[in-house]
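Listed in TrEMBL:
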type	residues	note
DOMAIN	103-167	domain 'Mechanosensitive ion channel MscS'
DOMAIN	175-256	domain 'Mechanosensitive ion channel MscS C-terminal'
TRANSMEM	17-34	transmembrane segment
TRANSMEM	54-71	transmembrane segment
TRANSMEM	77-98	transmembrane segment
């Protein structure tokens, strides 16, 4: 009798072990299937949607498929669907109270999906942070800075803050503030700057380059030199113009003064 009971217990334990292994296998298979379907979804809709939308939709597909396999796995272990749904509801309520920030970030991520203020690959500025958008997730957005650092920004911060998308339009304006000595011939300075712009192939003809007096500072007349370029050329052209301006001003003897402090001894 004891041996019979022992054999029955062994059979039950082995059955539970097999069920557990089967459930674990479902999770693994579910992850693989979800990953592949998500990738296929991303490829199939990338031509009809922006990279941003395609990425978010594919991730939603991933979590839905993985969730279905997870529910099936738990059902195989003996959990009832009604109990699971009830537990999920209680868990959701508990999470909503315990983690309101995560819920806010999730809602903000959905708003970003529909508002679409930027996409993956755009360069944005936010609270002194400048970087290229690497990924847009449901809870956060990740940026890569020029010195190759990864910065994670909660989506709630993006919704509540002012941000600049530097790649939203095809063209951008370069504004250079240039100080020249008060004795300089302003017309000559303006002509020199406009000549520099006309010989720079990346500077657009329309809108035309322009030079205005921006400010009468303590030690210099400050001119605002404005040119339009394609967005992708902005940084390179800005640096190029500054180098050429220095060279041309040196050749023409146009002085670029710097602030000086005179101390009088009493």
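Every residue gets a Cβ built from N, Cα and C, even glycine.
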Helix, strand and coil residues within the domain 'Mechanosensitive ion channel MscS C-terminal' (175-256) as assigned by DSSP: 35 helix, 23 strand, 24 coil
DSSP-assigned states of the domain 'Mechanosensitive ion channel MscS' (103-167) in counts, ordered helix, strand, coil: 19 helix, 25 strand, 21 coil
Within the predicted model, mean pLDDT of the domain 'Mechanosensitive ion channel MscS' (103-167): 87
